[in-house]
Amino acid sequence: MDKQQSRVLNLLFQGSLVKQILAGLIAGILLAWLAPEVAKMMSLLGNLFISALKAVAPVLVWVLVMASIANHRQGQKTSIRPILVLYLLATFFAALTAVVASFVFPSVLTLVVNDSQLSPPENIAEVLKGVLINVVANPVDALINGNYMGILAWAIGLGLALRHASDTTKALTQDFADAVTNLVRVVIRLAPIGIFGLVSSTIATTGFKALAGYLHVLLVLIGCMLFVALVVNPLIVFWKIRRNPYPLVWACLRESGVTAFFTRSSAANIPVNMAMCRRMNLNEDTYSVSIPLGATINMGGAAITITILTLAAVNTLGMPVDIPTALLLSLVAAICACGASGVAGGSLLLIPLACSMFGISNDLAMQVVAVGVMIGVLQDSAETALNSSTDVLFTATVCIAEDERLVANPLTEKNNG
């Protein structure tokens, strides 16, 4: 009996995580098909997994950033600036791609009444104001509410202050970071069980029937995100590292994108991305900052959602859109997307802001938001998968470009276990 339990534990904690997630996905679909009532009860497993990730992620970011900065040695290289440039470029190109897709495949919405009481920001300045307020938030509130801008600000500040501390204190911060990292590894190994619960309960509850009426706009959204993930981002990676980008792209989509697709939370996927960077032997001083930063501002998927749904509303109302206005919308969508993580409801609640460019009333814009909510089962999942996998993709890209030794031993060649 003990041997059987030991085998199960070894399989769960030492087997291939990707294969286990795939098994959980298939099992979830089968359960939802064969026993939908039982599948609905499995939502507890998914909710527990997401709650566990959201619980450990803020603490993980805090201690890793603080420890890496506190223990940073003079002359030790980090690569945050080029990663930040890639984040912003990719978000703008994603919005631009969405504009082109909207012109080539115009969508028409059947606008519905939305009864929800929503409070979207009125202009871009309000979005930026919200981000700045988050930066100076109370540190305890930032940890409790998962405010990663505030967490980053306090972690960076304390890390800089602790640079002047004794070696013993610095070692303590590193030991604490290692302890939290080990705890996170245990949570990540439970991903197959969590995804099994999420998939089975979601399919059993919705059956994807709500998606049928909005299939066209959904296909444009998903197609655009796939194009960015498989064409635009690889081109950016190739420009940076001057070699075949697809082994790295596929590894990031497989390791990070699949998990993010089902958790539907960039914040919850931070530990997954951190673990992937660690397995790739990337610079911890770099990825401990770039991954949580990416979860906050690298929002290509959000830029696509804002752009396509806004232009769908414009097309529905028969408004003409010229190229300069479309380019301006791309820029606005990119800026709005960078603030999406600081707005309750994310990218959908920023659609009225983009709609205001075209003089669309708030009432009509909210009906577009309602459409987004209806297709959110797939839209939000695909958006999060693109956003989160791109975080680790660009972090790895810059690290590889600046350290050729990483090319000889990438994750794509050591992904058997």
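Count begins at 1; order follows the chain as displayed.
Placed from the backbone N, Cα and C atoms, the Cβ positions cover glycine too.
Features of the protein shown, as given by Swiss-Prot:
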TRANSMEM  21-41  transmembrane segment
TRANSMEM  49-69  transmembrane segment
TRANSMEM  83-103  transmembrane segment
TRANSMEM  142-162  transmembrane segment
TRANSMEM  193-213  transmembrane segment
TRANSMEM  218-238  transmembrane segment
TRANSMEM  291-311  transmembrane segment
TRANSMEM  331-351  transmembrane segment
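Same-chain neighbours of the transmembrane segment (291-311): 61, 65, 80, 83-84, 87-88, 90-95, 97-99, 101-103, 106-107, 148-149, 151-152, 217, 220-221, 224-225, 228, 233, 266-267, 269-270, 273-274, 277, 321, 326, 329-330, 333-334, 336-338, 340-342, 346-348, 350-351, 354-355, 357-358, 368, 371-372, 379, 382-388, 390-392, 394-395, counting only residues six or more beyond its ends whose CB sits under 8 Å from a CB of the stretch. Listed stretches 83-103, 142-162, 218-238 were compared with the transmembrane segment (49-69); the greatest number of C-beta pairs under 8 angstroms is found for 142-162. For the transmembrane segment (218-238), the list of distant contacts is 86, 89-90, 93-94, 97-98, 101-102, 105, 107, 211, 244-246, 248-249, 253, 257, 300-301, 304-305, 308-309, 375, 378-379, 382-383, 385-386, 389-390, 393-394, 397: same-chain residues at least six beyond its ends, Cβ to Cβ under 8 Å.
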